[in-house]
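What TrEMBL records for 40-60, 80-102, 114-131, 143-162, 183-200, 220-243, 278-301, 313-331, 352-372, 378-399, 491-508 is transmembrane segment.
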Amino acid sequence: MTLRKRTESLERKKLLTNQNSADIQDNHEPSDLRGDYGNIAILFFLYVLQGIPLGIGQAIPMLLQNRGASYKEQAEFSFAYWPFSIKLLWAPLVDSIYFKAIGRRKSWMIPTQYLIGIFMLILSQHVSTWLGDGHANMPRVPVITLIFFSLNFLAATQDIAVDGWALSMLKRRNVSHASTCNSVGQTFGYFLGYVVFMAFESKEFCNKYIYSIPKDEGLVTLSGFLYFWGITFLVTTTLVGFLKKENKETREQLEEHPDLGIKETYHMLWKIIKMKPVMLLATILLTVKVSFSACDAVTSLKLIDHGIPKEKLALLAVPLVPLQLLLPLVMSKHITGKYPMNFYIKAIPYRLMLTLVTAAIVWATPLIIGGRFDDIPIYFYILLLVTYSFYQVFLYAMFCSAMSFFAKISDPKIGGTYMTLLNTLHNLGGNWPNTLILWVIDLITWKSCVADGSERDFSAPKLNNNTCITHGEQEDCLSINGKCRIDIDGYYIEIILCLIYGIIWYKWGRSKINQLQRLPVKAWHVFNSKSKSS
């Protein structure tokens, strides 16, 4: 259930482009792309580049799982995903500090993309060593986490710059197309970096579908893939830097998206956070996703543990992409109006129920495949796909409802800052529980070393007092022809605890959400008499 890691970077632009689209309609200026086709192509390509490191970052946990990384180490790597969720902390710096000779947006975009390319080239030379082989050489997770945190930090910074550049690069009547470039371009880049890479990196996939003569490795390696995209980043950034000039923002654009300055922006953020409705909404956003965190963070890794090929799990994302693009359109009529969060409330019980269904599938996986890792029944993948699809429906119901509510309550005078703050809280509410869940799972999982072939036989005697917790104990167990058996799986404990938490939270949160929906819109505005008096 970790297939949707890329959506955080799409949110900052939603309010800005929607505001511009509304302004265009008010002024009766229909969209006309003549003269902007080249700019649309540039924006699309820049967002494709942005999606590449996100996709590769999504593939790393699966590679680590195949190399014996612990769940605690997976929790450590999950910090690499945080930059896109906390970019509000440095967004005012990107918007305010620049070199006029280079351009307000290119001052940040060019160096960040060069650094991404350099990081990829360095990573391509060492990643095989840092990932290890799962035996004598274990993964060097701290180093990998630091590198990918840096990559995502740079990609998030590039996203801020490109989002801002779109406002002046496109004609005013075409600014609404920037959101499409963002969502489609980043989705395509994510697809290349995750799904395409995972398929072509797998020797099993390539031997079955591509090679006529079986080989010992896939069509691409992670080192080669990183090297290719590192060179691509350097070359294309050079071309854009020299060939594409940055237009100055017009007076209308500056009025619609004013540069408040660093001090003013951070002061405004603090004023928003201190408002009582925002504090309650922040509490809701930071706590609700604990209910689903065990399912979201661990399920795919458990399936890999049970022998499901990582590339097959990655390919499940393919049919989900059109679903993710269509769901917001289908749900739009349900999330507009006076109470947009009603759909959010209704989706929670169904999503809780599907966490149990998913856990049941994970539990039944060893029984279904029966050790036939090369001949897994097709109905199993259909079952996974159907479950994932239903889960995506309710996940997106909550996501779209929240975005609609944010757009409704954001103070239009500082809409971009307000909306980005709410998005940050929304994303952070998903990141911290996932990291915590991965960190704890090893602590509540009990293992023992038993004779090879009897790991499913719970009556089989233990070979020694080996608890199979550390990598060393696991190697010791293998050295005496044993295998680590899971006696009590922390995954199922977490599923039950999260479910109980979710039921309790739902009883509390439903009334609080309704309470917030009943507030007048002016109660959320910073510049009203109540907020000034407070």
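Glycine residues also receive a Cβ, built from the backbone N, Cα and C atoms like all the rest.
Tertiary proximity for the transmembrane segment (40-60) is limited to same-chain residues at least six positions away from its ends with a CB under 8 Å from its CB atoms, namely 2-3, 5-6, 9, 33, 77, 80-81, 84, 109, 113, 116, 120, 144, 148, 151-152, 154-155, 158-159, 162, 165-166, 169-170, 174, 177-178, 181-182, 184-195, 197-198, 201, 222, 225-226, 229, 232-233, 236, 240, 244, 310, 314.
The stretch from 114-131, 183-200, 352-372, 378-399 with the most CB pairs below 8 A to the transmembrane segment (491-508) is 352-372.
The highest tally of CB pairs under 8 A with the transmembrane segment (278-301), across 220-243, 313-331, 352-372, is held by 352-372.
Residues of the same chain lying 6 or more positions beyond the ends of the transmembrane segment (220-243) and with a Cβ under 8 Å from any Cβ of it are 42, 45-46, 49, 52, 56, 63, 106, 109-110, 113-114, 116-121, 123-125, 127-128, 131, 193, 197, 200-201.
Outside the transmembrane segment (183-200) by six or more residues, the chain places 6, 9-10, 43-59, 62, 206, 210, 218-220, 222, 225, 229, 310-311, 314-315, 317-318, 321, 324-325 with a CB less than 8 A from a CB of the stretch. Same-chain residues lying 6+ beyond the ends of the transmembrane segment (352-372) with a Cβ under 8 Å from its Cβ atoms: 1, 291-292, 294-295, 299, 302-303, 306-308, 380, 383-384, 387, 390-391, 394, 456, 491-492, 495, 498-499, 502-503, 506.
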